[in-house]
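Marked as transmembrane segment by Swiss-Prot: 2-22, 51-71, 80-100, 117-137, 167-187, 193-213, 234-254, 271-291, 340-360.
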Amino acid sequence: MIALIIGMLVSLIVTLVGTPLLIRLVHKLHYGQYIRQDGPQSHLVKRGTPTLGGVVINFAILLGWASSALYRYLRSGDVPSWSAALVLFAMLSMGLLGFIDDFAKVRKKQNEGLSVGGKFIGQFIFATIYAVLALLIPTKSGFPSAQAGISFIEQPFFNFDFAGRAVAIILFVIWVNFLMTAWTNAVNLTDGLDGLAAGSSMIAFTGFGIIAFWESYHIKGGSHGGYSYAVSDPLDLTVIAVCAAVACFGFLWYNSNPASIFMGDTGSLALGGLFAALSIATHTEFLAVVLGGLYVMEAMSDVIQVGYFKMTHKRVFKMAPIHHHFELEGWTETKVVVRFWMIELIFVLLALTIFYGDWVTRSGLLFS
C-alpha cells in the first residue's frame, strides 16, 4: 500500500509541477494548437493554446511507477515485472506516435500531422511487438502477460489455440492490433473538449486500478479465499492504472475549461494504448467495453455519422463525435464535459458491479 501511495504522490507532483513548466516552454516555442474551421465557432478562441501536454502525463505515469518499483525493490528486493514493462511500452510507443503527430501539426501550423498510413504502420509495428512479447516471454509470476484468446473476465470465451500455436500467435497479433487501434482512436476522439478526456480517463483508470487490485488480492496461489485469478503481476498493473488516474487528475488542473494546455495526441494515444494494454493484461478485454463506455460512445457516434452519411447523404448528429452535437444543441462546453464525466462514472460503476458479481458467482457465494 505504501508503494501505491508513493507512486500516486510522485505522479501528482510531476503533473502539478511539470505542466506549468511545459506551458511556458510551448509558449516560448509558439507551439499552439490548430483549431478546425468546421468545428463549433466557440472553439476558435482556443487557437494557439499550448499542446503536447501528454508529454507530462506520460512522464508522470512512468516516474510514478518507477518510484513505486524502487521502493518495493529497496524494501523487499522485488524487481520490476515484465508485465509492467510491456504495459508501459504500449503507452509510451503510442504516445511517441502521438508526439510525432502533434509536432508535425504545430510545425506546419495546420491540423494535418502524421499521415493516416504512417500512423497505421506505426501502430501496427508497436502493437505487434507488444503482442509477441506479451504472449511468448514468461514472467516471474509464472502466468503469461497475455493469453491467446478473448476474455470477458479472466477466462477466455474464445481461445486462439484451436488450430495450433502458430495460428494462435497470428490471431492474437491481429486481435491486439484491433484493440490498440480501436482504443487509441476512441480516446483521441474523446479529447475534443476542455477536460473531457482527462477527466473521463481519470475515472476509467481508477476503475482499472480497482480491478487489478482485486486480482492481486485474489491471485492464484494466494492465501485469500474465493475465486483466484491467473493474472501476471496484477499489483504492478494496479500501480500503473492508479498513477494514470492521478496523472490525469493533476493535468486536469490546467486542462479544465478554459484550458491552459491540451494533452494532444501525445496524451490521448498514450492513454488509449495504456487502456488497451491493461485490458489485455488483466484479461478483461470485453469488460473494458463497459469500463470505457464513454470512449465507445464517442467512437461509435463518429462511425454511425460517417457510415450513415455515405449511405444516405444525411447526418444522424449535428456534428460528430457526439460531444459536438450537444454543443450545437446549445449546451455549454462545461455542461457537456461534466455530464459526460457522470456518464463515464456510471459505466465504471456498472463494470465494477459486473466484475464483482462474476467473482461472487465463481466463488460459489451467490446462494451461500
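From the backbone N, Cα and C atoms, a Cβ is placed for every residue, glycine too.
The transmembrane segment (2-22) makes no contact with the transmembrane segment (167-187), as judged by fewer than three Cβ pairs under 8 Å among residues 6 or more apart in sequence. With Cβ pairs under 8 Å as the measure, the transmembrane segment (167-187) is packed most heavily against 117-137, out of 80-100, 117-137, 193-213, 271-291.
Here the transmembrane segment (117-137) has Cβ contacts under 8 Å with residues 82, 86, 89-90, 93-94, 97, 100-101, 144-146, 148, 169, 172-173, 175-177, 179-181, 184, 273, 277, 280-281 of the same chain, all six or more residues outside its ends. Taking Cβ pairs closer than 8 Å, the transmembrane segment (80-100) reaches residues 52, 54-55, 58, 61-62, 65, 69, 73, 113-114, 119, 122-123, 126-127, 129-130, 133-134, 137-141, 145, 180, 184, 232-233, 236-237, 239-240, 264-274, 276-278, 281 in its own chain, all 6 or more past its ends. For the transmembrane segment (271-291), the list of distant contacts is 54, 57, 61, 83, 86-87, 90-91, 93-95, 126, 130, 134, 145-147, 150-156, 176, 179-180, 182-188, 197, 201, 204-205, 207-208, 211-212, 215, 229, 231-232, 234, 237, 240-241, 244, 248, 263, 347-348, 350-351, 354-355: same-chain residues at least six beyond its ends, Cβ to Cβ under 8 Å.
Same-chain residues lying 6 or more positions outside the transmembrane segment (234-254) and placing a CB less than 8 Å from one of its CB atoms are 3-4, 7-8, 10-16, 19-20, 23, 53, 56-57, 60-61, 64-65, 68-69, 80-81, 83-84, 87-88, 195, 198-199, 201-203, 205-206, 208-209, 212-213, 215-216, 219, 260-261, 263, 267, 271, 274, 278, 281-282.
If one looks beyond the transmembrane segment (193-213) by at least 6 residues along the same chain, the residues whose Cβ comes under 8 Å of a Cβ in the stretch are 187, 231, 234-235, 237-238, 241-242, 244-246, 248-249, 251-252, 255-259, 263, 267-268, 271, 274-275, 278-279, 282, 284, 287, 291-292, 294-295, 323, 327, 333, 336-337, 340-341, 344-345, 348, 351-352, 355.
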